[in-house]
Amino acid sequence: MAKQTLLSTPLHGVYIPVFLIIFGTYIVKREWVGYAIVVAFSLGFHKFWRGRVRKVLSDKIQQFELSDKAVLNHNTAIYRFRLPRANDVLGLPIGQHLKVFVDVDGKEYSRSYTPLSSDADKGYFDLLVKSYPNGKVSKKFSELKIGDTIGVRGPKGNWKHRTGLARHFGMIAGGTGITPMLQIIRAVLSNFEDPTEITLLYANVSEGDIVLRDEIDALAKKDPRFTVHYVLNNPPENWKGSVGFVTQELIKAHFPAPSPETKVLICGPTPMVNSLREATVALGYEKSRAISKLEDQVFVF
């Protein structure tokens with residue numbers, strides 16, 4: 001990783017200025033060359049160091065400033081937070097989450113979120129947040145103004161993504177629970193040598209609650225390894241997806257039969273997750289643990 005970071009820095013932007021300073025000084029006044037070398041290499045080292053990619057997440061709470069906000073629907077938005085330097089990355093492994101801290105009436109509250117962005121995105125990170133009237137942290141997000149800050153610590157989580165974890169991922173996401181799924185989907189589909197197939201059951205209340213649908217549909221249309229099926233509680237007329245909740249029957253109809261080569265990934269509201277824990281056991285999958293491990297057949301984020 002250190003070697004890759006080093007090679008990713010455009011060294012020609014260091015060598016050329018250093019050479020010009022030394023050569024120019026030599027032409028004008030040779031006795032100053034020693035000083036010029038010191039100055040040139042100091043400037044070159046500073047330029048090189050500033051150009052390196054730096055991971056900023058740590059176990060200590062850091063403050064990040066809101067730089068942009070994109071409202072998706074009546075209660076959901078994407079919040080973009082600025083990293084200290086334009087070349088910085090968050091340093092969050094795929095499928096893991098960070099802990100967010102906010103102040104509400106003088107009291108600190110926290111909640112975990114998986115960013116939409118990845119370490120391919122430099123200088124910022126994006127959080128997809130659905131705000132609830134009684135949610136201390138999520139409601140605070142809806143009140144944030146550009147320039148406001150949140151506290152962040154991480155990374156957290158037991159998912160350590162790599163090629164070959166399973167032959168088939170059966171994903172079940174509810175609402176903003178799409179975020180870790182989308183990170184994994186992007187990672188798999190961006191690797192043309194990864195044979196993993198993915199089936200996503202994405203559940204929401206209404207059609208307007210389906211966030212990032214354009215991207216999800218585009219990925220499914222582009223790559224045969226990925227299939228998506230939508231589920232709505234309150235569907236519109238002529239709805240072609242499923243209606244109601246994600247049930248045993250729905251899982252059985254869309255996912256492969258339980259096997260060592262299949263993993264079921266779940267992320268969503270607590271009642272939905274609890275129901276799916278029972279449904280997967282009834283279908284023959286191994287019982288999920290309270291805190292999932294990477295080797296589990298059913299992994300709950």
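Heads up, residue numbers simply count up from 1 along the chain you see.
Using N, Cα and C of the backbone, Cβ positions are placed for all residues, glycine too.
Sequence-distant neighbours of Ser142 (FAD binding site): residues of the same chain at least 6 apart with a C-beta under 8 Å from its C-beta are Asn75, Ala77, Val129, Ser131. Swiss-Prot lists 142-157, 168-199 with the feature FAD binding site, giving similarity to another entry as the kind of evidence.
What Swiss-Prot records for 59-162 is domain 'FAD-binding FR-type'.
Taken from Swiss-Prot, the feature transmembrane segment covers 8-28 (among others).
Annotation source Swiss-Prot lists transmembrane segment at 32-49 (among others).
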Worksheet item: Hey, does DSSP put Gly154 (FAD binding site) in a helix, a strand, or just coil?
Response: strand
Fill in: Sequence-distant neighbours of Gly170 (FAD binding site) in its chain (C-beta under 8 A, six or more apart)
Thr199, Leu201, Ile251, His254, Phe255, Pro256, Thr262, Lys263, Val264, Leu265
Worksheet item: According to DSSP, which kind of secondary structure is Gly170 (FAD binding site) found in, if we only use helix, strand and coil?
Response: strand
Worksheet item: Do any residues at least six apart in sequence from Asp194 (FAD binding site), in the same chain, have a Cβ closer than 8 Å to its Cβ, and if so which, in order?
Response: Thr163, Val188, Arg225
